[in-house]
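K.L.:
Just lifted these from TrEMBL, have a look:
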{"type": "ACT_SITE", "residues": "C2", "note": "active site, for GATase activity"}
{"type": "DOMAIN", "residues": "2-192", "note": "domain 'Glutamine amidotransferase type-2'"}
{"type": "BINDING", "residues": "D97", "note": "L-glutamine binding site"}
{"type": "BINDING", "residues": "L250, I282, S357, G358", "note": "ATP binding site"}
{"type": "SITE", "residues": "E359", "note": "site 'Important for beta-aspartyl-AMP intermediate formation'"}
Amino acid sequence: MCGIWAVFGSDDNVSVQCNAVHKIGHRGPDAFRIENINHLQNCCLGFHRLSIVDDIRGMQPMRLYTHPNIWLVYNGEIYNHKLLDKEFDLSLSTEVDGEPIIHLYNLYGAEAMAKQLDGVFAFCILDVVNRKVILGRDTYGVRPLFRFQTEDGFLGVCSEAKGLYGLSHTLSDDNVHIEPFPPGHIEVYELDLQGKAFLKERTCFNRPGQFPLYTTRISSFSEDVKTNVAQLLEAAVEKRLMADVRIGCLLSGGLDSSLVAAIFVKLAKARGIAYPLQTFSIGMEGSPDLRAARKVADYLGTEHHEVMMTPEEGIDAIDSVIYHLESYDITTVRASVGMFLLSKYIKEKTNTTVILSGEGADEVAQGYIYFHHAPSPSEGDEESRRLLDNLHYFDVLRSDRATAAWGLEVRVPFLDHQFSSYYLSLDSELRQPHDGVEKNLLRSAFAESNLLPNEILWRPKEAFSDGISSMSRSWYEIIQDYCQEQVNDNELKEASRLYPHNTPKTKESFYYRQRFEKHYAGKGKWIPYFWMPAWSTSDDPSARTLKQYKQ
């Protein structure tokens, strides 16, 4: 997890622009560098580093002696960097996993390079000789990237939108359209003689469900679907153990995080990892997640850390959470509070830097409770793919921002390119809930493995924001009671006038929007819509309001 930032075609001296880069300093607390580019004085690259791999040679902006005219800043992990070195004879000069980006771009160009990357990434390449800027982002948008451009060629790029605030340019703040960079795409900009950047090409190099073009570690599949699912998920976790720092695991006690933790423990033993494996959970007193996570940790033998969250701590964190999220989506805010406070604990009380998590499983494997109400397998498949297309607005945004706020790196095996594309290629009937159980196929794939107790393997779905609640009073109800006191009826009546896009319908939603507008006035369109369950008449995104949950 790092923070990247760049400006091209600045009318003002770039030193004036550089204050903005420090707004993302939390993403990379270990080192910082900013470089003005020789012969392109109105261009600048900035980087905040979280040191995970190759502590000595991993600083950015990266340049190589073999390709001195190509500059790179990137945030992410390229898990197949050693395989790429062998396949293309790259002669890598460092252990930095992103180095192949430079070599492959030089050899084959931007699109072909992006198609070879097995990992999660957001990058910005400056090609000085060809006067080009290339931006790219991974298929699911696991790593964030924002950009904006003025008509006269000023281009700003940053890991978080807040890093593009405060830049000096020709537009008023109301006319600055800071936008999330589309996942699975690359963009090529040409620099004119004044260093101004103009979009030349936008290409989609991959989308959810599309098989990768790169050489994979598992090149052939068994005739048994469940065997393939298990092997691919294990391979996905194994890739994500690439680190020179301590790795831990978030553990809610639900299926997704428990499977990841169990596979992590299995692989760590095989690899001879010497340090005690840490797992982390959070919840209020009486939380079902805390009980289930404790059971899993005892079964796996991990060094388990349990954080007790009070309602007051959760309420107090909301404003900071919204600032880091750059979102006011209801379920995203609710679920982020626990993750934000847990990440704070990990940063302050341990030396774990990389954390594995279960995000993505519900979208890939139809794990949300409302999938029980899908009218048909094909419609369930369509909803799964829709969720994946928009994941960067919701769950992966939450997991990235809640952890990056405290200088941690989150890794999400269920969004592994090969695992997810294989799973989505299976017959839609196999992937739908069966016998009243969501993610039946995924659970069945590990039924004979003894990785987890059966009661955990078959534990029904709990949304994270619901699982941290006590059984007597849900977290969402606590927030709603608080917001009832913070927003009066007359304010809510004005909601449609104040916020015509995504108009708040409840006092909770109005309160979130107020907090968001305090930090990012007029930027409500960063979120295209509120996340809500499909095929439901509920007006609240909590799973606890759904009929299936109550049954």
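The backbone N, Cα and C atoms fix where each Cβ goes, and this holds for glycine too.
How buried are these features, and what lies next to them?
P.N.:
Neighbours of C2 (active site, for GATase activity), defined as other CB atoms within 10 A of its CB across all chains, total 27.
Around the Cβ of D97 (L-glutamine binding site), 25 further Cβ atoms fall within 10 Å across all displayed protein chains.
Listed in sequence order, D256, D395, V396, R398, S399, V410, V412, F414, L415 are the same-chain residues six or more apart from E359 (site 'Important for beta-aspartyl-AMP intermediate formation') with CB atoms under 8 A from its CB.
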K.L.:
Cα distance, I282 (ATP binding site) to C2 (active site, for GATase activity), nearest Å?
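P.N.:
A Cα-Cα distance of 25 Å.
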K.L.:
Using Cα coordinates, what distance in whole Å links S357 (ATP binding site) and D97 (L-glutamine binding site)?
P.N.:
21
K.L.:
Find the longest CA to CA distance in the recorded ATP-binding set L250, I282, S357, G358; express it in Å as a whole number.
P.N.:
15
K.L.:
Of L250, I282, which of the binding-site residues has the most Cβ neighbours inside 10 Å?
P.N.:
I282
K.L.:
Within 10 Å of the Cβ of G358 (ATP binding site), how many other Cβ atoms are there?
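P.N.:
The Cβ of G358 (ATP binding site) has 24 Cβ neighbours within 10 Å.
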